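*Asks:* My structure is below; once you've seen it, I'll send some questions.
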Amino acid sequence: MTYFRINPVLALLLLLTAIAAALPFISYAPNRLVSGEGRHLWQLWPQTIWMLVGVGCAWLTACFIPGKKGSICALILAQFVFVLLVWGAGKAATQLAQNGSALARTSLGSGFWLAAALALLACSDAIRRISTHPLWRWLLHMQIAIIPLWLLYSGTLNDLSLMKEYANRQDVFDDALAQHLTLLFGAVLPALVIGVPLGIWCYFSTARQGAIFSLLNVIQTVPSVALFGLLIAPLAALVTAFPWLGTLGIAGTGMTPALIALVLYALLPLVRGVVVGLNQIPRDVLESARAMGMSGAQRFLHVQLPLALPVFLRSLRVVMVQTVGMAVIAALIGAGGFGALVFQGLLSSAIDLVLLGVIPVIVLAVLTDALFDLLIALLKVKRND
C-alpha cells in the first residue's frame, strides 16, 4: 500500500492563506484621516477567484511532493503568491486612484498583511528544507525581495497611501533614517568599548560578577520611558552648571539622554555574552594550549577569543536588534528617528504615517538579525572545516 506524506506546515499555511483571502485586501478612504472601507479581491477583479483556486490547488499539490523537489515547488509558489499580492495591491491602488479624487487613500488591508506574512513563512519553511548551508539559505531569503523592490522602484506602488505619505515626507523620512542610524551606532559602539572590557574583567574576577550583573539587571528592568525621563534633569543641571557643554550638543533632551540610556540597556547582554562565551570553552582546550607553551595573553588571543566569538556575536545581535527597536521610544524626548514619524501618525490618527515609521524599523531589525545569523553560521562552518 502506498502512503502519501503531507507537509503539515505547508498545508497549515495554505489553510490560513485561504482564510486570509476572505478578509479585505485593501482599504479605500476619501482622505487620510477617515477610516477606510474594505475591498475584497473579488470586488476588485471578479475573475481572480479562479486564479486563487488555481494557485491553491498547485500549493496543495506541492504539499504531497516529497523531498527537495516539493520544497522547491513550495518556495516558487509561495514567492509567486507574495509577488502577486504586492503587484495586486499596487494595481488596485492605481485603479481606484483613476476613479477617485486626488485626496483619496488606498491602504493595505488585513487580508493583504495576513496573506503576505503567511507566504513569507511558507518561503522560510521551504528554504529551511532546501538547503542546510547558511550562505545558500541567506541568498535564497534575500532573492525574495528582488521583484518587490523592482515593483517599488518602477512606480507600480506609487498610488498606495503609504507611498503617498513617503512622497509627501521624503525629506523627513531621510532625516529620520539618518537619526535612527546615529542612535543605533552611537549607542552600540560606546557599549562595545565599555561592555567588552567589563565582561573580560568579570570573567577574570568572578567575585565581582554578582555586583556587576546585579547593577546591570536593575538597569535593564527600568522601563525605557522612565529611564529617558530620569536622565533629563541631571543632564539639564549639568549643562546649566557648565554652559560650554551645550556647544557640544549636550542637553537634557534630544540625542544625549537617548544615547546614554541605550548604552546602559546594551551593557547587560554584551557583558553577559563575553562572560558566557569565555566560560563555555572546555578546560581541556585551555590545558592543551598551556601544554603547548602558550602564555596567558597568547591563550586569550589565539584560543579563548576565537572560540568565544560566536557566543559574543549572538549577544551583539541581541543588542543591535534591541537598540533598533528601543530607538523608536527615544523620539519622545526629541531624539528623532523613525519614532518621530510613529508618534506623529498616532497623534494625527494617520495609520499610514505610523506604518511609514514602523516598516523601516522592522526591515532594519530583520536585516541586522539576518546578517548576524549569516556571520555566526559561517564562523561555525569555518571552525568545522
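The backbone N, Cα and C atoms fix where each Cβ goes, and this holds for glycine too.
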*Asks:* Return whether the side of the membrane given for K91 in Swiss-Prot is the same as that given for I212.
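*Replies:* Judging by the topology that Swiss-Prot records, the two residues are on different membrane sides.
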*Asks:* Does the transmembrane segment (181-201) reach the transmembrane segment (248-268), going by 3 or more CB pairs under 8 Å (6 or more apart in sequence)?
*Replies:* yes
*Asks:* Return the average pLDDT for the topological domain 'Cytoplasmic' (1-5) as a whole number.
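*Replies:* The average pLDDT of the model in the topological domain 'Cytoplasmic' (1-5) works out to 50.
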*Asks:* Might you confirm whether the transmembrane segment (225-245) is in contact with the transmembrane segment (138-158), defined here as three or more C-beta pairs under 8 A between residues 6 or more apart in sequence?
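*Replies:* No, the transmembrane segment (138-158) and the transmembrane segment (225-245) are not in contact.
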